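Asker: Handing you this structure, nothing more for now.
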Amino acid sequence: MAIDENKQKALAAALGQIEKQFGKGSIMRLGEDRSMDVETISTGSLSLDIALGAGGLPMGRIVEIYGPESSGKTTLTLQVIAAAQREGKTCAFIDAEHALDPIYAKKLGVDIDNLLCSQPDTGEQALEICDALTRSGAVDVIIVDSVAALTPKAEIEGEIGDSHMGLAARMMSQAMRKLAGNLKNANTLLIFINQIRMKIGVMFGNPETTTGGNALKFYASVRLDIRRIGAVKDGDVVVGSETRVKVVKNKIAAPFKQAEFQILYGEGININGELVDLGVKHKLIEKAGAWYSYNGDKIGQGKANASNYLKENPAIAAELDKKLREMLLNGGNGEQPVAAATAEFADGVDETNEEF
């Protein structure tokens, strides 16, 4: 239905006034003068990139990664940093837990010489540092480890045992309101690592919840629930963890998908193992008995040997990665995809939250 001429003139005048007062681009038609594609950064896991539906985590947004202890939360964020640094991006790590291991980070491919790191004294200080880095426009990825360790100043200055109901939740709520717009303008990805707590007295449903109040849940474009589901063994020796990640919330593609991969101790995500599994599943790699073949050439007997072959031949691994992304992600470039994986509803953290 056409808008009459007087309304069009009035609208044009209003738009002109808004742009004059607030700057060009402050208001626009959704399909005009802007890219609708979402720029993403790889998570370091091909199956998780596919499950996210956009080829990775979205720039300019807030992401929450939560799970039990030793489930791989920090490892996953370090893999994101390594992937971002390979693209020439600047990254920062806000270590509120004071537990970052630079030797481990280096093993995962992180350039620790160019990684900005802060160990703030209070939660307010950590969030102000995040805001300052974002407003600089020079930092592409910021990791906060973790929300549970963002202790309000009043709690630190008080006595142990003092009641500080809702302080952390209010602090996070104020920070989200301030950060969300700045992150979008600077096209900076902000990832919060969070811990799980148990709600007391829950008889039915999931008693798990995350710390820091409800604000982060609402402002996050992506929420990932990461869990350790088994052990990776070399003989009788445990060498890693079988890990499952559920996409509990996703504003950039369909949610509720999940990915499974291995995290090897001292190495990080076993991307070559993922390539073998996905290659077999989508018939790019042939499997006859225990032997794996690619383009007619045998690459190994058993998954471990096939993975080692890809590790020793990065050009073939890159070719296989590219083919899988083109096959499984729409757009063919691995950056603006819709996942082809089967949707599975997550039984993730309950949306009701309490302050701990």
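Glycine is treated like the rest: Cβ placed from N, Cα and C.
Below are the features I grabbed from Swiss-Prot:
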BINDING   G67, P68, E69, S70, S71, G72, K73, T74  ATP binding site
Asker: Could you check the binding-site residues S70, S71, T74 and say which one's CB has the fewest neighbouring CB atoms inside 10 Å?
Answerer: S70
Asker: Return one of helix, strand or coil for P68 (ATP binding site), based on DSSP.
Answerer: coil
Asker: How many neighbouring Cβ atoms, not counting its own, are there within 10 Å of the Cβ of G72 (ATP binding site)?
Answerer: 24
Asker: Which of G67, P68 (the binding-site residues) has the most other Cβ atoms within 10 Å?
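Answerer: Its Cβ has the most other Cβ atoms within 10 Å: G67.
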Asker: With every protein chain in view, what's the tally of Cβ atoms within 10 Å of the Cβ of K73 (ATP binding site), excluding that atom itself?
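Answerer: Looking across every protein chain shown, the total is 21.
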Asker: May I ask which residues of the same chain, at least 6 positions away in sequence, place their Cβ under 8 angstroms from the Cβ of E69 (ATP binding site)?
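Answerer: Long-range Cβ contacts: Q195.
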Asker: Around the ATP site recorded as G67, P68, E69, S70, S71, G72, K73, T74, what other same-chain residues have a C-beta within 8 angstroms of the site's C-beta center?
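Answerer: Here the non-site neighbours turn out to be I226, R228.
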Asker: Need the DSSP three-state call for T74 (ATP binding site) to compare against my parser.
Answerer: helix
